[in-house]
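Visitor: Summarising the annotation, TrEMBL assigns disulfide bond to C219-C252. Here TrEMBL flags 1-292 as domain 'Peptidase A1'.
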Amino acid sequence: MQTGTSSLWIPAPEADSSCNGKSHFYPKISDTFRTTGQDFDLSYGMGTLFQDRVFGYMAQDLVTFGASEGAQLKIANSIFGLALSVTSRFSNDTNIDGVLGLAPAMNYDRIYLSPLLNAIQQGLLDYDLFTVYLEDHGSQKYVPGGRFTFGGIDTDNCGAVIDWLPFVSSVNYGFMIDGVSIGNYSLNRTMQVMTDTGTPFIAAPFYYDNTTKSYYVPCDGEKKNLNFVIGGKSYSVEPRNYILETDQANTCLLAISGLSGYGMGPTWILGTPFMRQYCHMHDIGNQKMGLAKSRQKF
């Protein structure tokens, strides 16, 4: 589930070996399925860290959000992609079958409504917003990752809204920040950022070396909060959210990477380290982002 993209795709029954081991959609068992007669070619990436592509064809059917045993959001006549081939990162990730994009833009070259925007246009949500609450479980596996709440604010897992920030982009959940600091370093500058559940890092602008690298730090070293000033208020990301455990003794991954914007789009991407610290209320109807502290206990 990615808030940085807007397209939904899953493997087609005739997908090549790159989709082996994944769940496939079988159109023949759906009496509401139809093809659109168009192909798609999607690219994914964060700066120069990775670049992935998905190829396939487009279709239309009833799309349902939610598990079969729980509450469901059924969205008729939704456009989605059937993937014929995916590149290595998607192929090697056995935890996912496809991608559900939740960005506010039209999908597939901005021609069609995404399933989420389709639901909003059909008046299926109580409010034209959704909340993202992400949990932190360190290196644990097979544990709940959080909750997406469509049509309302998740008051069970999120505190009071600290502030509402106006969107500055029509294609992503972007807003402005006033500065950033950590330890003795501070930068006071108005910059455009976006948040994205599909980016596992905080992506920052390069200083001089325009080559994306992974950085590691001693797990038992000194740790400080990473602070962002947004709308005149300070938002701190605790080290547990941006310094991540690895399989190596006393070696932790610094979940901060470089971003090459080349003067276009956001300067920063506040990925899951920031989104685990703060719940996000994506108010599409009023074009603003609400931020609230996560209620997760440690």
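In case you wondered, yes, glycine gets a Cβ from its N, Cα and C as well.
Please treat TrEMBL annotations as automatic predictions, because they have not gone through curation.
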Visitor: Select the most exposed residue of C219, C252, where exposure means the fewest other Cβ atoms within 10 Å, treating these as the disulfide-bonded residues.
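Guide: The disulfide-bonded residues C219, C252 were compared, and C219 has the fewest Cβ atoms within 10 Å.
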Visitor: Mean pLDDT for the domain 'Peptidase A1' (1-292), as a whole number?
Guide: 90
